[in-house]
Amino acid sequence: MLSVRVAAAVARALPRRAGLVSKNALGSSFVAARNLHASNTRLQKTGTAEVSSILEERILGADTSVDLEETGRVLSIGDGIARVHGLRNVQAEEMVEFSSGLKGMSLNLEPDNVGVVVFGNDKLIKEGDIVKRTGAIVDVPVGEELLGRVVDALGNAIDGKGPIGSKTRRRVGLKAPGIIPRISVREPMQTGIKAVDSLVPIGRGQRELIIGDRQTGKTSIAIDTIINQKRFNDGTDEKKKLYCIYVAIGQKRSTVAQLVKRLTDADAMKYTIVVSATASDAAPLQYLAPYSGCSMGEYFRDNGKHALIIYDDLSKQAVAYRQMSLLLRRPPGREAYPGDVFYLHSRLLERAAKMNDAFGGGSLTALPVIETQAGDVSAYIPTNVISITDGQIFLETELFYKGIRPAINVGLSVSRVGSAAQTRAMKQVAGTMKLELAQYREVAAFAQFGSDLDAATQQLLSRGVRLTELLKQGQYAPMAIEEQVAVIYAGVRGYLDKLEPSKITKFENAFLSHVISQHQALLGKIRADGKISEETDAKLKEIVTNFLAGFEA
């Protein structure tokens, strides 16, 4: 009874003040010692089988609680939002993984739980599931391996052509370049659309908003711009090439499939990446897709190359973000959007930039698309994006149904920095066109009230009608800049003033065919020089005059 003797010796060794200890406490120490002795004696007498069963009992009774710093448990799940207890070390916008294999992103870091948005079907997650940190902020694969592919918002291939071969990854939420690495916009980004390249020119590194009601041709302008880059990407000059990223947000899958087919038919997919977060995808994926596409574009920008990104459209991204924010219990503001919805778009669009030569001289041009309701450009999201961008192309339903396509309202459309990037040849021929069209619109409003107009006003109306006809252009038929210059030259210099407006389109097609087949050297000179010299001017005048004489006859 060694254990009992030790306990008694300890009790006797206590000083007299230990008398204050109750008899119960002293008794309990003797009971504990006796139980320990009995347990040891029983273990000695038992066989191997009983020892293993006792050990099994102790193992099963062990504390199975997990480390709450790196993992957590789902408290509630619904509407694509999971509330998770634990994950104390998780970072904002860190990727987390659920036990079902689904990924999510931590957005709300609260004292007692973490709000996680789920990238996928939340029905695969149930309460009590374990969630673990990945330690990585959300990133996507980037590089030239993605060209010609269709990927989702996380960079996973969804075109059935196998996995993406890229080994380079980049965070989706990178900070925009500062002031020092940037340089002012100076190189043209040609869309191939006469009305845009002549009146609202876009430069490489610019952010130009395409805004209008549904079904007014917003996506058509974006697709024409991508198709027009084929003439540069087929060449060998890397400085002229423009890689394209098209981000489809909240669109129908059939629409995206149709778009990919159109680009494939035009042989434009070889220099294009399509990032798709369709209407059936979870709201967090629709929110994330523009940032993922932007990171893919930044890869080209930061490697001294040029890229164009189209966000179609940011209205749907804002709606997805509003849905997430309200479900995360963030306070709503105007139109129920959260207070940081301006920052949502500004931090995205500020990443489009023209870098200076010390930083590679690359560029990322952004063409965000915004859908308005009944032409209301004073709504919350349209005004936000208009204030962030460097100009806007405003499309009108009324013009669209009048047959003026692209339905660009020349008065409301503006490019704040693009004129510095416009080629000199286009500046020379289109310089007065915007003013003439503005005067035409002003006079046309009064002309319907009376017919007794002076000769100068009648001349203004006549010229305006013909220029409006001249700016019409078919879908998926972008034009080279030198072809645009030749056509606009004929209209602005007054050679078409006596031609019937209904014959303008026919004249344009015939004139272009004639110039391309008979005067290729002149077009090459305009393209190479980038300006119209006196010699070129005289040659153009001669060609237009001679062709018109034959055309009218």
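Glycine too: its Cβ is placed from the backbone N, Cα and C atoms.
Taken straight from Swiss-Prot:
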type: TRANSIT; residues: 1-43; note: transit peptide
type: MOD_RES; residues: Ser76; note: phosphoserine
type: CARBOHYD; residues: Ser76; note: O-linked glycosylation site
type: MOD_RES; residues: Lys123; note: N6-acetyllysine
type: MOD_RES; residues: Lys126; note: N6-acetyllysine
type: MOD_RES; residues: Lys167; note: N6-succinyllysine
type: MOD_RES; residues: Ser184; note: phosphoserine
type: BINDING; residues: Gln215, Gly217, Lys218, Thr219, Ser220, Gln473, Gln475; note: ATP binding site
type: BINDING; residues: Thr219, Asp312; note: Mg(2+) binding site
type: MOD_RES; residues: Lys230; note: N6-acetyllysine
type: MOD_RES; residues: Lys305; note: N6-acetyllysine
type: SITE; residues: Ser413; note: site 'Required for activity'
type: MOD_RES; residues: Lys434; note: N6-acetyllysine
type: MOD_RES; residues: Lys498; note: N6-succinyllysine
type: MOD_RES; residues: Lys498; note: N6-acetyllysine
type: MOD_RES; residues: Lys539; note: N6-succinyllysine
type: MOD_RES; residues: Lys539; note: N6-acetyllysine
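On the structure: features taken from Swiss-Prot.
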residue	record	DSSP class
Lys126	N6-acetyllysine	coil
Gln215	ATP binding site	coil
Lys230	N6-acetyllysine	helix
Lys434	N6-acetyllysine	helix
Gln475	ATP binding site	coil
Lys498	N6-succinyllysine	coil
Lys539	N6-succinyllysine	helix
If you draw a 10 Å sphere around the Cβ of Ser413 (site 'Required for activity'), how many other Cβ atoms fall inside it, taking every protein chain shown into account?
22
Among Lys126, Ser184, Ser413, which are recorded as recorded positions, the nearest neighbour of Ser220 (ATP binding site) by Cα:
Ser413
Using Lys539 (N6-succinyllysine) as the reference point, find which of the binding-site residues Gln215, Lys218, Gln473, Gln475 has the shortest Cα-to-Cα distance to it.
Gln473
Measuring Cα to Cα, how many angstrom lie between Lys167 (N6-succinyllysine) and Gly217 (ATP binding site)?
37
Expressed to the nearest Å, what is the distance separating Lys305 (N6-acetyllysine) and Asp312 (Mg(2+) binding site) at their Cα atoms?
23
In DSSP terms, helix, strand or coil for Ser76 (phosphoserine)?
strand
If H, G and I count as helix, E and B as strand, and all else as coil, what does DSSP give for Lys305 (N6-acetyllysine)?
coil
Please state how far apart, in Å and to a whole number, the two most distant Cα atoms are among Gln215, Gly217, Lys218, Thr219, Ser220, Gln473, Gln475, the recorded ATP-binding residues.
17
Candidates Lys123, Ser184, Lys434, Lys498 (modified residues) - the one closest to Gln475 (ATP binding site) by CA:
Lys434
Taking only the Cα atoms, work out how far Thr219 (ATP binding site) lies from Asp312 (Mg(2+) binding site), in Å, as a whole number.
7
Counting only residues 6+ away in sequence within the same chain, which have a CB under 8 Å from the CB of Ser184 (phosphoserine)?
Lys354, Val417, Ala420
Candidates Lys126, Gln215, Lys218, Lys230, Lys498 (recorded positions) with Cα within 10 Å of Asp312 (Mg(2+) binding site):
Lys218
Residues with Cβ closer than 8 Å to the Cβ of Lys126 (N6-acetyllysine), same chain and 6+ apart in sequence?
Val74, Ile77
Output the one of Lys230, Lys498 that, of all these modified residues, has the highest number of other Cβ atoms within 10 Å of its Cβ.
Lys230
